[in-house]
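Feature annotations, courtesy of Swiss-Prot:
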REGION    191-212  region 'Disordered'
REGION    276-315  region 'Disordered'
REGION    341-385  region 'Disordered'
TRANSMEM  406-426  transmembrane segment
REGION    468-554  region 'Disordered'
COMPBIAS  468-502  compositional bias 'Low complexity'
COMPBIAS  503-523  compositional bias 'Basic and acidic residues'
TRANSMEM  574-594  transmembrane segment
TRANSMEM  653-673  transmembrane segment
TRANSMEM  678-698  transmembrane segment
TRANSMEM  761-781  transmembrane segment
TRANSMEM  791-811  transmembrane segment
DOMAIN    857-1111  domain 'ABC transporter'
BINDING   Gly910, Pro911, Ser912, Gly913, Val914, Gly915, Lys916, Ser917  ATP binding site
Amino acid sequence: MQPPTRAPFFPFSLLRGRKARETCTCRSVASTEGPNTFGPRARPGCHAHQVAPSKESFHSSAFQLVSASRLSPLMSSCFVSFLRYPSFRPSAPFSAPPSSSTVPISTPSDFSHSAPASWRCVPTAPSALHAPFSFTTQAAHLSSCVFDGCSRLPCSEPGSPQTLQRALATTSATAFLRTACMSHRLRRRPDAWTSGCSGQTDNATASPCVRPLLRPPVDTASRAAANDKDAPQPTCFWRNARTSRAVHRNQTDMNFSSFSCSLRPCRHTLAKAAGHHAPLSRHSLQSLPESRIRGGTVSRGDSPGSLTLSPRNMSSDAMPVHPLYFPSAVPFSTTSGSNSSTFSCPSPSSSTSSTSSTSSTSSTSSTSSTSSTSSTSSTSSTSSPFLLSRSHSVDCRACPVSRAPPNPTSLQLLFSLFPFLWPTALKDRLRVLGSVACLVTAKVLTIQAPLLLANLVDAFQVLPHNSPLSPSGASPSSGDTSLLASSGETSSSLSPSAAPAEGAREAGKSGESAGRERRDEGSTVRLSPLAEGPASPATEERTAAGKAGTSVGGRDAGAVHALDTEHLRNTAQIVSVPLGVVCGFPVARIAATGFNELRSTLFTRVSQNASCDFSCHAFLHLHALALFHDKRAGELSVLISRGMKSVTALLNVLLFQMVPTALEFALVLYLLGSKVGGPVACITSLTMAVYVAFTAAVTARRTKIRKEMIAAEQQSVGLLVDSLANAEAVRFFTAEKGELSRFEAVQRRYAEKHVSVNQSLAFLNFGQQLIFNVGVLGSLAYTASQVAAGLLPVGHIVLVSSLLLQLAVPLNFVGTIYRETSLNLADLEKLYELMNHHPPIVNPPDARPFVLKGGAVAFENVRFAYPPSPLRPGSLPSKTGDDEKPEASRMLLDDVSFSVDAGKKVAIVGPSGVGKSTLIKLLFRMFDPASGTVRIDDQDVKELDLHSFRRQIGVVPQDMVLFNDTIEFNIKYGCPSATDEEMRAAAKQAEIDDVIMRMPQGYSTVVGERGLKLSGGERQRIGIARCLLRNPAIAVFDEATSALDSHTEQKILKAFRAMARGRTTLVIAHRLSTISDADKIIYLKEGKIAEMGTHAELLEKERGLYRALWESQQHQEQEEAVSTPDLTLS
């Protein structure tokens, strides 16, 4: 199957904990004076750590730069110090220190030595930025600023006081890493490396870039050196690699070593030209801002100007290089080391295939470029995993769906989960290995426990008959009573009523016979390993006592002494011999349990990480589908939750049930066959075969019933969620009883299926226990017959029973494994059906990043019709574009062509259903037209990266749906990195700030489900504030005032006009009074453009469609105005 769409701002490889550190060292050198190149639509800069400046840092002679950490173009006081450009001559209220070439914007009147913490002071001595700066990036941590979509600065627009305020808001003291389009420039102009952004780049090749804010001040000496024709003129510029590169316009003096991570110092430095300046102190480097990417330190480099940025101290503007943000054409490569990776990119000489390889520098550059190119195309293990964009199914183990074919079988589904068993993260791999080790150890201890128990029984079997723990020692009336009778008779001979001498001789004969029996017993071989070997000392003493009884006969005192000695020695032997066996059995059981719990603890994190990654992948995939028209939200939630649980359950089945159960079966059968005999092993094998066959047959039936139950549950939950979402409609139409009857019918069907599942489970459990216990009965009967015949010791009965009971656990797991695996595969199959839906729109393989030039929009001969039905699971998306030519009768849009110039306002009107909103979807590329082209700034949207141009478009829809969260969250959704001040400024322009502040909780007020706690006008104005905060280049309003009253409409129109100022605006309007000031009005009828022109031009047409609609609305408004007093009086 085709891998599902991966949004370029969702790096799944990071979810697995894979980390790679990439280090590049670059130099920031003095820039030549050029025109100011700030554009009108700067994206707001991101948060940075606020450092309160000291009083000394504001001394004018130190050439300080004061930079705002986060200023919005919406705010009226954006004061940032910047370096002067010859083309910009600031006027009041700007002033420049006479002794400095820097031209700071004057700060607010209350800005004094106790400046707010949001202002930072950065020394700008000539040596401050001339030393190499070492940037260390780590792609495992990203800022939320990555996900906000704000426009960038075009490089070619001239500066002006109006646009300067927007432009400066994007810069900060850490502007070394900036967003731009490097690969586009490299493909179209390889020599762009030497042109930079000095104002000489033409518009065709100009890419969005931002000049470095922090530049060393150019004093008189440096200006004199810059005017020297022989001196190389370095130029700083910025690319999508977010790395500052310094190159020289003088090609013969290039000394950059193929832009590798160790750029050689330039021969001409400002330090030589301005040697009177003191070197940069360490304190000034540490005053540079730390980032929002969570804490960090500034490491001390090799030189005073060295700075190391990591994800802990790097600004969100300094986003790390990641393959998801680069097309494959970016000529970067890496050489991975133990802890870092170095960047390299081809030099101008190798890129343009020049012949300037006579010098050593050019040769070095070409060599490095060659190795860079080969490293780029290489997929060896030494290349960095974070530089080249690879296929989603190869780069990401978090999405096994991309490895499964359409409509996969159960075996294919299981194999698709195997990558989870060997994760990418080293810690997770160690957890898996530890889990396997604990599993094997627990199984060995589990099998060893029955053996220890059998040895314990055998140890008691070989005890002496007259020991205290033996039957003979426990009762004087049992066991071997000959010696006790002898002693009793001997003691009676000492009594006053002594027997005659004949009695003594009979006692002597009895003692002699007892001695022979004891000698024979001492030489008997026991049926136990513990009985093998020479006779024990107690047996020898009993034999000696027998001999003494024969020789002495009536010497009763000697017999009594021998018996006492024998009892004392046997007691010591009983305590010492079986104690280890007695303790070994419980210790083995406890250790096995401990290792099992440790295994579960180690693997839980691995399985939960896998489930989390899989759910994130499914979540992202759902957002790429046009699927929600056919499935209820409740059904989708149940489907995804069950699918996630099935992933975790199946991972445990694969690693801890299938293989361990087979291993335990083999061990048990081997022990039974070797210790007890082949018949017992055969009986056990037959029992297992019948058990498995019965379980498979019953579980197959249960799986079918379980699928029906799951379908009924999904329908029940979907109906519940759908009914609750439309609770107001239910109350309005008094349909509570109808909804209850529908829900009751679905619930009863679910209950019936649930009862069937439980009944089949009870039958399965009873059958399993019956089969198993019959097998146990047969094995024990055979073992007992062998023990009774004297062929096996008594302990083997315990061994067989223990092993069979031990085998009951995996036998039960065989049924559980088969049953749960079948059910989990059924749940996972449903999820795979959803995941196998292909998104209607995907990025092209060679997608280009969008280059903003102003925001002009053009539709050229567009024809479009919606697909007749949604995609079926596993089917490929239907062809769209020039290959498919639907009939004109089915066309929603037929040969529509118009253009919107940059910064202009165009309105689209017409009856309902003519395709006005469809134009917005085509502009966003939610669908592709059947024919024709949609262009933005002369770039076909089919050839662009989806997110690169969608970030430049802001939409205010007709039905504004808000998240069930706070107002602050909903407004900042347009730009999550915005500050509270920027949010308030956007809300004020949207005429909603006063309403929010009157609420008890202000911006922390929760808006409710879909924002139903707010009125329609309030939701619309929150949507406008969100779009204002996003600051897009193209603004789209889709009938945003059609359902509002006139008073609210006027407020929203005022916010519209504020937002549309300086932006390309596309308005779909129902009320013509709202678009009378549009630069162009397009009237659509039956999928075609019927009329086009300005408001005045269209009204001049006598029988024009627009004029008729205008007159109709004016007449309706007049009637409403006349009837309003009557309604109020009544």
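Note: Cβ is positioned from N, Cα and C throughout, glycine not excepted.
Since the structure is predicted, the reported quantities are computational estimates derived from the model, not experimental observations.
761-781 is the stretch from 406-426, 761-781, 791-811 with the greatest number of Cβ pairs below 8 Å to the transmembrane segment (678-698).
In sequence order, Lys1085 are the residues of the chain that are 6 or more apart from Pro911 (ATP binding site) and have a CB within less than 8 Å of its CB.
Annotation for Gly910 (ATP binding site): spatial neighbours Lys916, Tyr1083, Leu1084, Lys1085, Ala1090, criterion Cβ-Cβ under 8 Å with sequence separation of six or more. Listed in sequence order, the residues Thr918, Leu1084 complete the 8 Å Cβ shell around the ATP site centroid, once Gly910, Pro911, Ser912, Gly913, Val914, Gly915, Lys916, Ser917 themselves are left out. Here the binding-site residues are Gly913, Gly915, and the one with the most other Cβ atoms within 10 Å of its Cβ is Gly915. When pLDDT is averaged over the domain 'ABC transporter' (857-1111), the result is 82. When Cβ atoms from all protein chains are considered, those within 10 Å of Ser917 (ATP binding site) total 17, not counting its own. Non-local contacts of Ser912 (ATP binding site) by the CB criterion (under 8 A, 6+ apart in sequence, same chain) are absent.
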